[in-house]
Amino acid sequence: MVSPSIEVLNSIADGKKYITSKELKKHNNPNDLWISILGKVYNVTEWAKEHPGGDAPLINLAGQDVTDAFIAFHPGTAWKHLDKLFTGYHLKDYQVSDISRDYRKLASEFAKAGMFEKKGHGVIYSLCFVSLLLSACVYGVLYSGSFWIHMLSGAILGLAWMQIAYLGHDAGHYQMMATRGWNKFAGIFIGNCITGISIAWWKWTHNAHHIACNSLDYDPDLQHLPMLAVSSKLFNSITSVFYGRQLTFDPLARFFVSYQHYLYYPIMCVARVNLYLQTILLLISKRKIPDRGLNILGTLIFWTWFPLLVSRLPNWPERVAFVLVSFCVTGIQHIQFTLNHFSGDVYVGPPKGDNWFEKQTRGTIDIACSSWMDWFFGGLQFQLEHHLFPRLPRCHLRSISPICRELCKKYNLPYVSLSFYDANVTTLKTLRTAALQARDLTNPAPQNLAWEAFNTHG
């Protein structure tokens, strides 16, 4: 481990030991990982391996002051665990920007009002709704011989998966159940068992996404080559820090990206297949995974009941159609997720702890809708509000929206809120812009005759 150098400063006045931000930055790798919170420096090298949110958020913000991110993701009870990680050093040049001060004030006010604990009755209503949907789906498959009823059942299953995903999202961000044990059970049951998508995989990728919102090399939610690219910066075959591999922009990627504005909706219709694959790859990997056994068991339960349900349909054409319909309906949710970020500002490089608020505002897009449609979007139409306060139950997001809007206005930061239609149009324009840039053969990328033949006819 690197020892503090001559830049370590000793204060005679107060007896505290100090280091500078420059010194702190030297401790920025998995084997020597320091962070600062409210100006106190902590060594989280070993703790990163046990961190409930995974090691990626800590590694991505290593060597920086992470106060705003810590406040966003941790309840008040987490502060007491910091003492055992304290290095004894304070940050000599620790400063708080005006916007961070206002952000922390808001978080404190919300906490004092009990908003992080007041979850409303939305979870109960959602669970009842999902139960009805799943029951209707199973009944339609087992007790009807009508092709159209079977297709309706597939659509209902897709709708149920959408609502379950919102519940899984809630369970992953905050304790929606009475105890942590029940919350863990709920996450695995509704995630792994009902949808086939591991809650462990979701936490791993989603926490990294929140910390590095719209970083092309750190945010996994923007790393979709060879199928999609939201920026021409991806044409440089940058390295994904999250996956630890190069995002190769080769002739195959160039071809798909060149037509991505046409392929976008078809890809979203079958995007679920990729989530199943990612779940399996993670669970069989050597990576340390919390509750690996439970995650594997839950996933096996899904791959037992789902094929059995599909097998009760009378023939293979109906089975394939049923699966496709269910995937297409839940594909609406994949569209929702991409609308929130694909057209936001993107950048290359690691996230920075000192511009937390700014990066969240520039990388997110809200979807404007009436309150009666909140169930359909699962609260995630308030994407900026959710990114600023990820632990806040979704029932409060609409009420804090005007407050966040005013704070953005105060500091001349974007607060983008579009209708569902306009958000789709904006996303397609973003994809089309990158597609046309990909067709420019003067951009550096491996080429071959097949690609040139495809491009000959535009």
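For all residues, glycine too, the Cβ spot is worked out from N, Cα and C.
Pulled from Swiss-Prot:
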type     : residues     : note
DOMAIN   : 16-100       : domain 'Cytochrome b5 heme-binding'
BINDING  : His51, His74 : heme binding site
TRANSMEM : 122-142      : transmembrane segment
TRANSMEM : 147-167      : transmembrane segment
MOTIF    : 169-173      : motif 'Histidine box-1'
TRANSMEM : 185-205      : transmembrane segment
MOTIF    : 206-210      : motif 'Histidine box-2'
TRANSMEM : 264-284      : transmembrane segment
TRANSMEM : 293-313      : transmembrane segment
TRANSMEM : 320-340      : transmembrane segment
MOTIF    : 383-387      : motif 'Histidine box-3'
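In summary, the transmembrane segment (264-284) lies against the transmembrane segment (320-340): three or more C-beta pairs, each 6 or more positions apart in sequence, are under 8 Å. Ranked by number of Cβ pairs under 8 Å to the transmembrane segment (122-142), the listed stretches 185-205, 293-313, 320-340 are led by 293-313.
The transmembrane segment (320-340) and the transmembrane segment (147-167) are in contact, since at least 3 Cβ pairs between them lie under 8 Å (pairs 6 or more apart in sequence). Sequence-distant contacts of the transmembrane segment (293-313) (same chain, six or more residues past either end, CB-CB distance under 8 Å): 137-138, 141-142, 150, 184, 188-189, 191-196, 198-200, 279-280, 283, 319, 322-323. Non-local neighbours of the transmembrane segment (147-167) in the same chain are 123, 126-127, 129-130, 133-134, 136-141, 176, 186, 190-191, 194-195, 197, 313, 318, 321-333, 375, 378-380, 394; each lies 6+ residues outside the stretch with a CB under 8 Å from one of its CB atoms. Each residue in the motif 'Histidine box-1' (169-173) has a pLDDT score, and their mean in this model is 87.
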